[in-house]
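Asker: First the structure, which I've put down as structure tokens, then a few questions once you've had a look.
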Amino acid sequence: MSKIAIVDYGMCNLWSIKSAIQFIGYDSILTSDPKDILNSSAIILPGVGSFKTGMDNLLSLGLSQAIIDACMFRSIPILGICLGFQLLCCSSEEPSYTKGLSLLPIQIVPLCRHIDASFVLPHVGFTSVYTSKNDPLFKNIANKSDFYFVHSYGAFNVPHDFTTYSYCNYDAKIISSANVNHIMGVQFHPEKSQTNGLILLDNFLSFSNV
């Protein structure tokens, strides 16, 4: 039976994600068991808060290796949301240099490094997202649709050969999402992004064949 695993590592209110998934017609489980991750059909890694705390929690629960093995050796699709997206990346400087899961070749840095002091940080609220053609996450979503953000750290660059990513403009171009095959991440919160967010979640789960 197909199983959607929402990773519970103590970093956010998971019920908003679970409720959104239920609203669009899917069942899911909240889990901190590595076996559930490895035996799932799709993984959702949400999160709010400190990158270092998030990685420490994943490591202490045995979830970091389970996520890597599930994605790299079993090709299980994963969607990282907000902090979850950042944890999929190579590293973050929050609060100091910390290694991530290294499933996406991206570095996370403070927004204030590239954004003028006249702009309010953290970046909070609905912001238009500029999408790539043929991105499965944004199927049936118009380019420059609004999604809900809340973050103080983010990515400003992706590798030159990346063809599937999106960005928003908040004084500087901030990476809003990035995909490498079945490994996907979004900086915004789809569960707080109204209809567009629900469509995006449905797109991910349809891509995952759950």
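Placed from the backbone N, Cα and C atoms, the Cβ positions cover glycine too.
Sharing the features that Swiss-Prot gives for it:
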- 3-210: domain 'Glutamine amidotransferase type-1' (DOMAIN)
- C82: active site, nucleophile (ACT_SITE)
- H189: active site (ACT_SITE)
- E191: active site (ACT_SITE)
Asker: Which whole-number mean pLDDT does the model give the domain 'Glutamine amidotransferase type-1' (3-210)?
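Answerer: Summing pLDDT over the domain 'Glutamine amidotransferase type-1' (3-210) and dividing by its length gives 96.
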Asker: In whole Å, how far is H189 (active site) from C82 (active site, nucleophile) when you measure between their Cα atoms?
Answerer: 6
Asker: Translate the DSSP assignment of E191 (active site) into the three-state scheme.
Answerer: helix
